[in-house]
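Engineer: Have a look at the structure that comes next, please.
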Amino acid sequence: MRNSKIVAIGHHVPENIITNQYLSTVMDTNNDWIVERTGINERRWMDPSKDTVANMAAKATRMALERAKLTEKDIDFIVFATITPDYFFPGSGVLLQRELGLESIGALDIRNACSGFIYALSVADQFIKTGMYKTILVVGAEIQSTALDITTRGRNTAVIFGDGAGAVILQPSDKPGILSTHLHSDGRFAEELYVKDPGSSRPHQERQPEQITDTSTFKVVMNGNQVFKHAVVRFMEVINEALEANNLSKEDINLLVPHQANLRISQYIQEKLALSNDQVYNNIMRYGNTTAASIPIALSEAWAEGKIKENDLICLAAFGSGFTWASALIRW
Ligand code: UT7
């Protein structure tokens, strides 16, 4: 069987910077609380006059293509991870395919929230390894700011989430690239972090906006403590699972790129794995939690800063809504 390798990475974030200071003018919150509990200083929120999930994804893709001296025409399949598509349907993959001017290639959407990018990478990895496709575009992109309750009632989520996009290109390779991916879920906790509507399983009358009084409607609802407690356990489990599957140990990791959920979660994992500050890449301070986009944005920035070198062992790990959690080990 062939190997698959990440040959390019890119990202794009909206220009519109939302500071903690700004949020404290529109809800009862403050910079100290946000920094202390989450590590976030600012995040990007979309500008409705320019940003869509698909066009941010296209900009991230073009950065990746340029860095690898590839063109749109080289792409023969798209896997698009998002929980905030531009339309309820069709999916974002087809909108990106149109945006890139590609004709008739397959496009698949993945809806696994914060773990979505690793799920998408895993799907693409299998397609490359079996020889079905040669150049797969894997994207994580989200516009979450429009589903946040930007009032004191929604402050536990409004201060955390941000918008952005990241993209990688996968191709076959002689040498190992993606060593393994590990995917998990536990739907018993689905409602601990979710957006209820537009859901389909209630009668039409109950789904009319004027009938909907539940505060969860159209907005992100999160039981932060519960999510946090599960996250720290599952992150460690799934990283150890990946290391064991490859007969490697935590000492072999050159760079951990965790999903940017909360700086305290990243620091907890860093301590458990006894990694130095240089061995864990965090950018949550600048972008908040961008769900499926967080890992590819972080990978793209880490690569641009020279923190990822040939032959390095890179570990990706994520946990989020579902619950879902996942990891990937990559020999760069
Ligand atoms: O992407 C993957 C999924 N997401 C995560 O992994 C997130 C996991 N959870 C978290 O990151 C944290 O639980 C939060 C950052 C969301 C919250 O931090 P916390 O330390 O768990 O705080 P808390 O929810 O226990 O709230 C503590 C207090 C509460 O006030 P009382 O009841 O103690 O008076 C909240 O009402 O902080 C209050 N609070 C706020 N205060 C100021 C909640 N949000 C805010 C806010 N500003 N934005």
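We count from 1, first residue shown onward.
Using N, Cα and C of the backbone, Cβ positions are placed for all residues, glycine too.
Automatic, uncurated: that is what TrEMBL annotation is.
What TrEMBL lists as domain 'Beta-ketoacyl-[acyl-carrier-protein] synthase III N-terminal' is 108-187. Per TrEMBL, the feature active site maps to C114, H259, N289. As annotated by TrEMBL, domain 'Beta-ketoacyl-[acyl-carrier-protein] synthase III C-terminal' applies to 243-332. Under the heading region 'ACP-binding', TrEMBL lists 260-264.
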Engineer: Is the region 'ACP-binding' (260-264) packed against any residues at least 6 beyond its ends, judged by a Cβ distance under 8 Å, and which are they?
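Structural biologist: Non-local partners: 37-40, 114, 160, 228, 231, 282-285, 287-290, 294-295, 298, 319-320.
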Engineer: Summarise the model's confidence over the region 'ACP-binding' (260-264) as a mean pLDDT value.
Structural biologist: 97
Engineer: Please give me the CB contact count at 10 A for H259 (active site), counting all chains in the structure.
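Structural biologist: Around the Cβ of H259 (active site), 32 other Cβ atoms lie within 10 Å.
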Engineer: Using DSSP, what's the helix, strand and coil tally for the region 'ACP-binding' (260-264)?
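Structural biologist: Its residues divide into 2 helix, 0 strand, 3 coil.
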Engineer: Which residues does C114 (active site) neighbour through Cβ under 8 Å, counting only same-chain ones at least six apart?
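Structural biologist: Long-range Cβ contacts: H259, A261, N289, T291, A292, S294, A318, F319, G320, S321, T324.
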Engineer: Using DSSP, what's the helix, strand and coil tally for the domain 'Beta-ketoacyl-[acyl-carrier-protein] synthase III N-terminal' (108-187)?
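Structural biologist: Its residues divide into 28 helix, 29 strand, 23 coil.
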Engineer: When you measure from the Cβ of N289 (active site), how many other Cβ atoms are you left with inside 10 Å?
Structural biologist: 23
